[in-house]
């Protein structure tokens with residue numbers, strides 16, 4: 001029996017519920033015994049009373065991608081999809097992720113950390129800047145700062161979601177993402193949005209966002225991006241499945257943005273799109289993720 005653990009209490013709850021329902025439908029259609037559990041508020045104690053052998057974690061954001069639920073399952077000896085608690089913890093914290101990636105000589109935008117309780121260190125890289133909470137996904141709480149006067153409002157927004165914010169040099173360029181399944185990188189997807197960046201609205205509600213797969217990179221460029229994505233994925237000790245996001249600037253230099261250890265699985269989601277490009281159906285994708293346990 002597979003428990004599909006969805007919902008959660010993060011800002012990405014609504015997306016998790018959509019993802020969980022899609023996974024339930026595909027497993028149910030294949031006559032695989034499964035059920036969904038909507039974690040909401042403090043009802044997790046009810047989950048542990050259910051009978052199941054494995055857990056498909058489709059919780060996005062805090063609680064689901066930060067190692068909390070993974071640690072709970074590990075302590076109970078229960079198998080689950082995706083990365084373990086340590087890798088999840090490291091990947092959820094954007095600042096921690098950057099430190100690990102820098103240790104592996106991966107290319108990142110210059111940045112500093114801004115603590116809500118401390119004065120901000122001098123920013124020694126040029127405007128514009130991206131200001132983002134260290135502990136949220138789906139581009140929640142992110143602002144583009146074009147001048148110094150906008151910085152305070154951007155920090156106040158980011159600090160609503162986490163006590164630390166990342167101030168990062170804004171890299172102008174095209175956004176790409178690489179899905180990982182097992183030890184393989186799937187085809188690269190290019191993201192084109194009419195917004196300043198690929199924000200929450202662009203990801204989940206806009207019909208103007210375009211996704212290109214094939215991504216219009218040369219074969220050499222695509223293979224290079226896939227190789228960087230795999231290096232970034234394994235540097236965090238991630239496993240099973242995930243997604244690594246990039247920006248490629250006007251000089252064709254790729255910069256890592258972030259890693260997602262529990263990406264979305266909705267109709268707008270990019271992992272199913274990349275899988276479909278090489279003939280992997282949604283049914284096959286879901287069962288492949290389970291087989292990676």
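Counting begins at 1 with the first residue displayed.
Note that Cβ sites are derived from N, Cα and C of the backbone, with glycine treated the same way.
Database features (Swiss-Prot):
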- 124-177: ATP binding site (BINDING)
- 245, 258: Mg(2+) 1 binding site (BINDING)
- 258, 260: Mg(2+) 2 binding site (BINDING)
- 98-291: domain 'ATP-grasp' (DOMAIN)
Inside 10 Å of the Cβ of residue 159 (ATP binding site), count up the other Cβ atoms and send me the figure.
18
Around residue 258 (Mg(2+) 1 binding site), how many other C-beta atoms are within 10 angstroms of its C-beta?
19
Cβ packing number for residue 245 (Mg(2+) 1 binding site), 10 Å threshold:
22
Residue 173 (ATP binding site): which of the binding-site residues 245, 258, 260 have a C-alpha within 10 angstroms of it?
none
PLDDT averaged over every residue in the domain 'ATP-grasp' (98-291):
92
From binding-site residues 124, 145, 152, 159, the one whose Cα lies nearest residue 245 (Mg(2+) 1 binding site):
145
Which is it, of 152, 260: the one of these binding-site residues whose Cβ has the most other Cβ atoms within 10 Å?
260
If I take the alpha carbons of residue 152 (ATP binding site) and residue 258 (Mg(2+) 1 binding site), what is the distance between them in whole Å?
24
Of all the binding-site residues given, 131, 173, which has the fewest Cβ neighbours within 10 Å once its own Cβ is left out?
173
